[in-house]
Every structure is written in structure tokens, then in C-alpha cells.
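Residues annotated as region 'Disordered' in Swiss-Prot: 1-45, 110-179. As annotated by Swiss-Prot, compositional bias 'Polar residues' applies to 17-28. Summarising the annotation, Swiss-Prot assigns compositional bias 'Basic and acidic residues' to 130-140. The transmembrane segment annotation in Swiss-Prot covers 472-492, 570-589, 613-633, 644-664, 678-698, 723-743, 753-773, 854-874, 893-913, and the record cites sequence analysis as its basis.
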Amino acid sequence: MAYNRLGSPQRDGPYSPSAQPQYDSRSPSPGRPLQPYIHPDEAYARQQPLHLQMPTASDDRLAMQPTYSVENVHNPQAYGQQYGQHLPDSGDMGYGRNDYIVSPEEHHDAYYTQPYSPHPQGDYALDPYPSHDEPYRPDTDNVPILQPDSAYGPDPHTQPGMDYDDYQEEPRPTPSPAPIRRWKTVKEVQLFNGNLVLDCPVPPKLLANVPHAKPPERDEFTHMRYSAATCDPSDFHNERFTLRQRLFAKPRQTELFIVVTMYNEDEFLFARTMIGVFKNIEFMCNRSSSKTWGKEAWKKIVVCIVSDGRAKINPRTRAVLAGLGVYQDGIAKQQVNGKDVTAHIYEYTTQVGLELKGTQVSLKPRSATPVQLLFCLKEKNQKKINSHRWFFQAFGRVLDPNICVLIDAGTKPGKDSIYQLWKAFDLEPMCGGACGEIKVMLDHGKKLLNPLVATQNFEYKMSNILDKPLESAFGFISVLPGAFCAYRYVALQNDKNGVGPLEKYFKGETMHADAGVFTANMYLAEDRILCFELVSKRNCRWILQYVKSATGETDVPDRIPEFVLQRRRWLNGSFFAAVYAVAHVYQLWRTDHSFLRKLMFLIEFTYQTINMLFAWFAIGNFFLVFRLLTASLGTKETLGTAGTVLGVVFEFVYLGTLLYCFILSMGNRPQGNPKSYMMMVIFWSVLMVWLTFASIFLTVKSIETEVQQKDFSFSTIFNNSTFFGLIVSLASTYVLWFVASFLFFDPWHMFTCFLQYIVLTPTYINVLNIYAFCNTHDITWGTKGDDKAEKLPSANVKPGGKVDVLIPQDDGDLNAQYDSELKKFATKPPKEVKAPNPADKQEDYYKSFRSNVVTAWMITNFILVAAVLNIAGFDRINVHDTQQQNSTIYLAVILWSVAGLSLFRFTGACWFLVVRMVSLEIWSVCKV
């Protein structure tokens, strides 16, 4: 740790480190080799003999740290005068005084503990202190940057004698929102290892509402720490940046590191997520009988908020962050010493809670549980994967957490869901990743009135009842949803050659420019790549688990265009990632998994390969089933001529709609043609109703035909292969859905969403698949390019290694700015009316006109050819025996395949329930 060298180096004493080397506990440097290990408590015990008269700092007090408190920086215009005022005349240089004008060596020996040095061993930031033979040189390095009244610094709100008359305002653009002009004063700040790090006092109005250290002491509640990162996330630790948790008198160990990634979410979505996180932390603090958690559990948890781009963050969300105390406007810098700032890092331990009244966000002071917040505001919009790089590579390396939890802004975790995820890792030492149940936010069931939301709710529920439990039973989950999942930090680390899960995961950030279409689409689902690489990590045996008791609620698209765009990325990413996993399944054999586990993985990947083939041929299979059912309705035993005519009409409209869907998908944005997509969804829904009627009608007719025979018996019904296959397929699908839902005690979606899902099934097969495969060239996440943010001031180094910064000083201004931030979300936001972009509107018009012309031309030509050649249904009068036989065989294969896959999923879900019951019994014996 680096300090300014203060006072005369000739100072000596009976317990001086120079006189008694055994008392020297400073961090090693080239001039001072590493000493034997000393227990941290001994460092505190040696305070008694020292001449320093300082109050003893507790573990939670921020002792000497490499940040500069902005309220203690002296006016550069009166620099010489203040130098004479504060520098004592005696050579003692303040020896024995209760401030920072003391020997930094002795202060270091008394308060700093070697095992928690934030700097690499052997990399001391300053040269060794001058020897006794060297003359004393009162250069600028000997002038203290900070001169507080105690070991913790002065109280920022009661310090008298601060003279602002000589301060000058910096002639720079006013930041937005504009603070009071007198708030902007120019101060000189010494860079720490070339990095700009500031301790900023929080507004007195905020401080008055929360417990904090009494003056003149300071703690994590009185100051917000700002760091201007000028490096890549992977270089954060190497550039000697650190975080507040490592700077306490006794550095805190992080058990749980939670990241909330956001883009431009409003204050309601952000507050919803943070309220859920706060409740989880409070839950863990209330577990008084736990071996790991308890009253002080919040000290083991750090909540990191990463915002993707300074120009993208919602101003009202930023105001909520300011209300929590973890953001202050006007502190950030554009450049430091000529280097562009890549991220603005704010740290604060908040005691302010949040609450929602409808859609209105309000603050709740004096929260029972403090929360350590880390807010990283990225300068540029670089997508979510870059936000995870800051979380894992930058902050994770400094804090070295045990478990990392990933949450998207807008996802609300259950009151104990984060704890339930953590418990899965605690019970299973080889659990490398876990996920919970993602629920659709239904607003007390009101959103179920939207068929699209109801369909997605059913899809999510069945995935959490059949798919996730099945995969968890085998030990490999194809995807841990990025909206709510957790990883063991050590399991993600790369090997000594830099190869591993994180290396593969972050590869997708920079490869789009020169990668092939296959690889680029694969990295649209980089979380799937991470899951596979984690399980197949060389010489390891990590597994993935599904935690049913951990839930996270999230919003889903409620309009067709947004839904299509979302599924385009999901389908393309999941399909190509599945191909990658199947092609690299051999990597599982280089792991340390048992032979039985590897065999289970092989069975699971075989199952996934079959599913992948069904997904590839889904559009063809659906058409064939449609053709067979409509053809069967045209026989004399069923509807006769009426059935034939209806079949021809539906087939024409089917092919025309399918063709139109291809045309729209290849050149039009769903946002530009919402009515066209809505019409297609309506047609496919009507078609599914028709097919459902056809299935039921044919089943009834088959039973009637068998009953009318003279030698009828109940067993003869099942001798009909077509009827038996249809019954088995329907029973294995729909009946097992009901049974599995009741086994998981979650059957309500079967009564509220089942019909909507059945009706919209053709939309999933045709519209979504066609749009996805027709846009495999689109490797974006559906967000536009980065908007340019307002330019911030820069911090350039002056002679002497100092920089000028704009800092807050006046209590009135701090309160005024704090009030202005609170007012931003104190009222309901005005209804946003998105004005269409003229360029996009014109482009949509041209593409829509092109699509309509091409569609009309192709349909008219198709009708002409069909009528002249008497094909495409006109020749369907008699069904040949061979054609009938082939159709029967094909239909039987499809129906029995569906039955087999459904039964396989049901078996896996039942096994998951058995294992879960056993785990609960184990947990009840050894509570954590």
C-alpha cells in the first residue's frame, strides 16, 4: 500500500521499525524482503508501545486506505500558505498528534496487516524510505494530501475553518443535471498508483437517516468511494485497483457475490430486483442458528450493479442509485492522465431500502440490514457479456468470492431464493452451477388474459417441471438462465494456460467481427457454452443442478414483434450451441467424472440429439400431419366432398401463409409489420383448432367403426394401429403433463394456459422457426449501437503528480443535489410516446411494399400453375393403397417417438423428485 512520506526520516525511538526491525510489519518490497507470517491480531497488539496516540480502529472501520477524501484536499491557490500553517516547526513532524501528519511507517505498522495487502507481494508502490545517511528533502511528496483529525479522518460535516474564498471554478461544460455552481470547486488530488480514487462524503440528509460512526470517526456509511477505471476488466487487478472490502482494518471475505446487470431498465424494474435482493440478504441475516450466516451475514455479501453504457442508463434509475447513496453526479471523469475511463466504480454500504407502491418507487430509510453496494457504470455500451467480464475478471479477482449469483435487472428473486441457490452449493461440493425456476410475472393473473403471455407461462412451467429436472438428474443442464443463476467462482477459473470455461465464455465478445456465421450464432447463447465447458472442464468433475425452491419472476414479451425478436436469438443460439455440444461430447471423457456419470451424460446427449433432429424437421412434420389429417377427412366414411374441399382450401392458405412468412422473415423487421405477423398468428391458431377437431373427429369415427362390427370387443379398438398410436401419443403428452404438474404441486397452469398453448403451437413451429433460420445472418442482440454520452471533465496530471478535480464541499449543495435526485422518481413518470424514426419508417415502407408485391406475384402464379396442372389438392379424389400405407407408417413413427420422449422426460422428473426429497432430509439434519 502506498503512502506519502511525511516528516523527517531521521526520526527514531525505542519501537521504531528502523531501530527494531522485528516491529516492521509493512508489506514487502524489493528493499524490504518478506518477513515471517504474523497473525493479524498481533499488529493491533503492538499499538500500545507506540508513541502514536490514536483511537483503536475496529474491524469495520476504514483505516488508512489508498483513497483521498475530497473534503480534506487543500486549496491549490493557497498552497504555500497552507503548507506553512500545517507543517510543524519541530523536527518531530507531529509525532504523537492524533492526525495523519505522523510517521507513515509507524502508522502502517500499527494499522496495516500484511496478509491482506491489496498489492501483489514484492511490488511495493513507493521506494524504500530514505536511510539515516540521506539528507531530508522537504519536496512535494512530503506534503500530506489528507490531514484528518483522527485515524479515520474528520467529520465531513462539522469541520470548521474551511475557507472557500480562494477556490476557482473550472471553466468546463456543466454536467447534466446541472448542480449548483458553487458546488464545483477545483481541488488538487494525488493519484494513487496513477489511478484516480476518491472518498466522497455522502449528503448529510442521507447520513442523518442512517446509523453511522460518530464524529470525528468515519466508516463505510459516511463516505462513498469512487474509482475511475482506465483499463480493461482483465487488467483491473494488475493496474492496482482494489475494492473497499479489502481496505477495512480486517479485510472482509466475500461468500456471496451478486451481480445485477442492466441496460436501460426503468426505476420500477430496477427497484423490483433490488427489493428482492435486499429481502434475501435480510433473510440470511435472520438465520441466527446458521453456521455460515447470522446477524453479520451482510458483511459476507456484496451486491454489484453493472450498467451497460453511461449514455444508456435510465436517468430515473440513476436517481434511485443516488438515493441509495451509491452514486453522485459530477464526480466522474472522462480521462485520467490522458487515459480514457472505461468504467466509473462507486462503492457504498447503504442502509436505505426501497419499496414499491404500484409503479411508484420510494426510499425506506433506516433499513434493518446494511447492504454493500458496488455500482459499475460502464462508459460505453458493450453488451451484457462485457458486463460479466467486469464482474468476473475485474471485481471477482479482487474479492475472490465463493458463490457468484447472476441476475438481470427486472428479475425479482424470491424472498429466500438466493439462499436456496447457495445451499445447493453447500450441500453438493462438486456443484459448479445451479439455477432456479424462472416464473412469468402475471400481476395476480391479469396478464393471463393475453394469450401470448399465457402461452409463455405454460412453456416456462413445463420446462421447469419436465426439462430442468430431467437434465439435473443427469448432472448437466443445457442452459442456466442468465436471468437468475449461480456459479461456484473457483469452478469457472481457467487453467494455468488460460484455457477454461471463462475463456470460452468471453470469447464471444470479440469474435463477431471475423467469426463464421455458425460460431457467431452459437455465441448468441454463450451461457449454454459456459454450461458445457464447465461440465467438460479437463481433470474436473463439476455438475449442474436445478433448485426448484429458488424462484425468480420476470416479465415476458406481450406483443408479437418483441416475442419474435426474442425467440430469434434464443432459437438460433440454442440450436447452434446444441450442435457445438454434441460435436464436442468427446471432451467429457477427459474429465474426472465417474464412468457411470459419463454414461449418463452420453444418454442425455443422445436424447438432446433426437430433440435437435425433431426441431430441424418440425416444419416438415407439421405439414405432413396436417396433410394426413385433412386427407382423412375427405373419405366417404368421414366428411366426404365437404372434407375434401375444406382440405384443399386450408392447404392453399397454409402454403400461401408459409410463403408470406418466408418473405417477411428475409427482409422485414417485425416492428415494421406488426399487423402482418398478427394475421399469420390468427391463421395458424384457426388451423390448429381445425386440426384438433380433425383429430377428435377421426378418433370418434374409428371407435364407431369398430363398435359396428359384429365380433366387437373392447380389445379390438386397440388393435387399430392408427387409433392406438394416436391415443398413446396424446396420453403420453397431455396426460403426463397433468400428472407431472400435480406431482410438483404446481398444476394451475394446466387449467389456465393449456388451451392457449395448444392453439399457438403452430406459431412456435412456423413463424418463430422461419424467422430464426431466415435471420441467421443477424448476430446482434436486438439492441442498437451506442449513443454518445455527454462528455465529462478530464483529470490531467500536473507537476508534482497531482490532478485537478471537481469535488463536492458544501452541505447545502450536497443536500440540494440529493433532493433533486429524489424528485426524479418521486412522481409518476410521464407516459412515453415513442416517435417513429423517419429513417426506419421509410425503410419499413419500402420493405413492406417490396414484400407485398413479391407475395402477390408468387401467389397468383402458384394458383395458375396449380389450376392448370391439376396438382396441389385438385387431384385428391381417391387415396391409393400405397400412399395410405406409407402415411400410416410415418404417422405411427411420429406418434410413438413423441410418446417415448415424453415418457423419458417424465421418468427423469420423477427421479429428480426422489433425489430432492433425500436432499431435504440431509439438510434438515445439518442446517446451514
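Cβ atoms here come from the backbone N, Cα and C positions, even for glycine.
By the Cβ criterion (under 8 Å, sequence separation of 6 or more), the transmembrane segment (644-664) is not in contact with the transmembrane segment (570-589), since fewer than 3 such pairs are found.
Tertiary neighbourhood of the transmembrane segment (613-633): same-chain residues 575, 639, 643-644, 646-647, 650-651, 654, 687, 691, 694-695, 697-698, 762, 765-766, 769-770, 876, 879, 887, 890-891, 894, 897, 901, selected by CB-CB distance under 8 Å and a gap of 6+ residues from either end. Long-range neighbours of the transmembrane segment (893-913) within the same chain, counting only residues 6 or more positions beyond its ends whose Cβ lies under 8 Å from a Cβ of the stretch, are 465-467, 469-474, 546, 607, 610-611, 614, 621, 624-625, 725-726, 728-729, 731-733, 736, 739-740, 743-744. Same-chain residues lying 6+ beyond the ends of the transmembrane segment (472-492) with a Cβ under 8 Å from its Cβ atoms: 257, 384, 392, 396, 400-408, 411, 413, 417-418, 421-422, 424-425, 431-436, 438, 500-502, 505, 525, 527-528, 530-532, 534-535, 537, 540, 542-546, 550, 552, 554, 574, 577-578, 581, 597, 600-601, 603-604, 608, 908-909, 911-912, 915. Listed by sequence, the residues of this chain that lie at least six past the ends of the transmembrane segment (678-698) yet keep a Cβ under 8 A from its Cβ atoms are 560, 625-626, 629-630, 632-633, 638, 646, 650, 653-654, 657, 660-661, 726, 730, 758-763, 766-767.
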